[in-house]
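Q: Just passing along the structure, written as structure tokens.
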Amino acid sequence: MDFSNFSIFIGRFHPLLVHLPIGFLLLAMIFEVATRFKWLKDTQKVISFTLLVGGISAVGTCILGYLLGQSGSDYNETTLDNHQWGGIITTLIAFGCYFIKNKKLHPFIYPSLLGLLVVVMSYTGHLGGNLTHGSTYLTQYAPIQFGDDDVESYAVATTPEEVIVYGHLVKPILEIKCTSCHNQDKKKGQLSLSSKEDILKGGKNGAFIVSGDAEASSFIQRVSLPHGHEDIMPPEGKKGLSDDEIALVTLWINQGEGSFDTLYSALDIQEELHAYCMTKLGFVAAPKDQITLAEIPQSNIKKLEEKGFQIRELVPGTNAYDITLPIKTNQAKELLHKLSEIKDNIVWLDLKGHHLDDKSVKLIAEFSELRKLNLSKNPITDKGVKSLQQLKHLEVLNLHSTKITEASLAYFEGHESVKKIYSWNSF
């Protein structure tokens, strides 16, 4: 057995065990306060027991924390050292409280030590949170902002013309999906995405984004990997970037030098991505070519929603719908036939990751009003994709992580409306 790997395995139980001493020691404080205010009686033995269990579990937590800290993770050394010493001091104070609780000492000593225990433990826990989630995790959405004036901040955009692509759109994506592992306190792969300078600096494997070339950028390559791949970002268990988010970051990277200051109004952006951005910013996106389709019974919409489909009318009164099947189900092929009832009103359709085959794609080819179609992460081939040529209004086709070849791209070379096809990780 490799002891180094075993120590890493054991050390990773630290985040699980750490809540045990915190709970017991806080409970001791609560019991003590309740007793002094005479809300509870006969709690002395319970408080002593609680302090003892809290102290013992704190010892185990410190040991696991030490093993985790030595595992090679790219934590900020200063924060890690302070967190470790905070844990040790918390443990010593806990045992100190236990041993002096029933001693006949000055009445001020025990409550003061117990209060100090809670303060030190809280600060130590805060440092642990910084190591896990980043130093801005706690205060990021606070109504009043505290901290370093050097932290990047952007004024709220009141109009689309004021929107800065990086500051108002890309940065929030990185903060939600990436900086818990890549911040100043925890630089996984020696990479921080907390600031412009950090992003440009890259990590231990070099540049993370290649200015002006998104396809060559490690960032886009990693976030686009199929689920289950050992190099996917974010790692398994954390919510990855959506297709719209990947498309937005791709567009931003391709702006080249100066992209951190690029205004949204300067972008040549497609309608569906524009709608996504405006929604995220709280603005209303006006379609470039608004369409109005035949009205359909709302009972049909309700039946589909009951089957698990998410259905949204793009613009009220147009009868043009954006439909997604988000749940993982083995009945996706059967449910697809249900969509045929409103096939002439489906403009955007997202069916990624539902094990659809070429036969299913041929059925989708009958949805004559489709503008945007996402078939990524389905085992479809060139045979099925070929049938999509008949979609006269199709503008965006997502085929990444499928079984197609370059032949599928050739099918759309003369297509009048297709503007973009996503095909990474397919051939």
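Even glycines carry a Cβ here, placed using N, Cα and C.
The domain 'DUF2231' annotation in TrEMBL covers 13-132. Annotated transmembrane segment per TrEMBL: 16-34, 46-68, 83-100, 107-125, in sequence order. Summarising the annotation, TrEMBL assigns domain 'Cytochrome C Planctomycete-type' to 178-237.
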Q: Mind tallying the domain 'Cytochrome C Planctomycete-type' (178-237) by DSSP state, helix then strand then coil?
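A: Counts, helix then strand then coil: 18 helix, 5 strand, 37 coil.
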Q: Would you list the DSSP helix, strand and coil counts for the residues of the domain 'DUF2231' (13-132)?
A: 96 helix, 1 strand, 23 coil
Q: What is the average pLDDT across the domain 'Cytochrome C Planctomycete-type' (178-237)?
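A: Looking only at the domain 'Cytochrome C Planctomycete-type' (178-237), pLDDT averages out to 82.
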